[in-house]
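Colleague: Sharing a structure with you now.
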Amino acid sequence: MKMNPIMNNADEWRLSPLSAEDFFAGLSLIFIAIFSISVYVIMMKIMKRQDKEIVGYRFLISAGCSDLLLLVNYGIWPGLTILSKSEIIPKTWRTWQQLYLDWAWFSMVSHYSVVSWSRWMAIRKPLDFRNQKRKTSYSLCALCYLVALILVLSTHFQPWYVTFYYEPSSYGMLAENFPLYLSGGQSALFLAFHIAAIVPPIVFYGWSITLLYNRRAKMLLGHQQTVQNSIETRLLMPCLINVVTFIIGQVLITVGTGEGKWAGYTVMVLFAANSALNPFLLLICSKTLRKQVLDLLGVAKIATLDKLETSTVYRNIHAVNGDFCSSKLVSTDTGSGSRRFLSLPTFRSKEDFICGTPV
């Protein structure tokens, strides 16, 4: 019987020593994952400390958990298979491995809608949103993981379902039956789910930007409000960029799967990039998080609290005071050594509360 030439190449590759290409592919995937995970963990630690009062952090923490799983799944795991020249797990476990990988992936995809909704709520109904209970927030996040589990359990054991597995010689993953994957309905199903998943973020972010634009003419707080509006606009950008990256990545993944080892490597990088970009986009767009991360690392100290841009909208109403106002320290250097306080605007009704900031 004539053996499959792909299997011959794979067997020959496994028997040969690691090459410079192998080291580059394996180590770079692991480095991307570990570096991104390290930054993400630091940011999540900071957000967890403040999630009682900053409601939006709860949704970012949950999305971060799914991102961490993906960084392991598509960074560390394939990197180790390349360096060890082994699939690592037995072939009989491939089905359960695929179920877990799909669950983690679709959990991340489901978060696009929930996070975009949370940012829209912070602008559309800021008073209601900032008073949201932690139980409610994390229950909504838990739905992302539940929906993903229901999806994979309802499709995974169908006769048309094709299992993918890590193939070290391909620097990525291969399908056990790629023609069936394309023609059997699995590819179309996943495409439909991905399209459905990106529609809500596009609607919510577009709506949010429209609201922010329209409210420019209704500003009541002068220059301070102008600065606040600018912050709102900047903090929408990370998710918009991430959605665009996701769409481009899905096209490249579909085209590149099974087209050679560097195509397989690129697919792994694209899978990981969906999650790896998030912490850096947040750091770029959120001055508050950036300063706190640098302070935690001891790189830079936060000189004065007045320069923090933490939103009053994402702060839980019970974390400030009963009449929806708060005071913050502006400076201790007034010449006389006294401290000056700046009172933030007081909102006593939903009608008075007209702006919001998605953090």
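A Cβ is built for glycine as well, from the same backbone N, Cα and C atoms used for every other residue.
As the structure is a computational prediction, the values presented were derived from the model and not from experiment.
The transmembrane segment feature in TrEMBL is assigned to 23-43, 55-77, 97-117, 138-157, 188-214, 235-256, 262-284.
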Colleague: Give residue numbers and ranges for long-range contacts of the transmembrane segment (138-157): same chain, 6 or more residues beyond its ends, CB-CB under 8 A.
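Modeller: Those are 58-59, 62-63, 66, 95, 98-99, 102-107, 109-111, 114, 186, 189, 193, in sequence order.
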Colleague: Where, among 23-43, 55-77, 97-117, 262-284, do we find the most CB pairs under 8 A to the transmembrane segment (188-214)?
Modeller: 97-117
Colleague: Which residues, given as numbers and ranges, are at least 6 beyond the ends of the transmembrane segment (55-77) yet have a Cβ under 8 Å from it?
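Modeller: Tertiary neighbours of the transmembrane segment (55-77) are 29-30, 32-34, 36-37, 40-41, 43-44, 47-48, 88, 101, 104-105, 107-108, 111, 114-115, 118-119, 122, 129-130, 132, 134, 137-138, 140-142, 144-145, 166, 268, 271-272, 274-276, 278-279, 282, 311, 314-316, 358-359.
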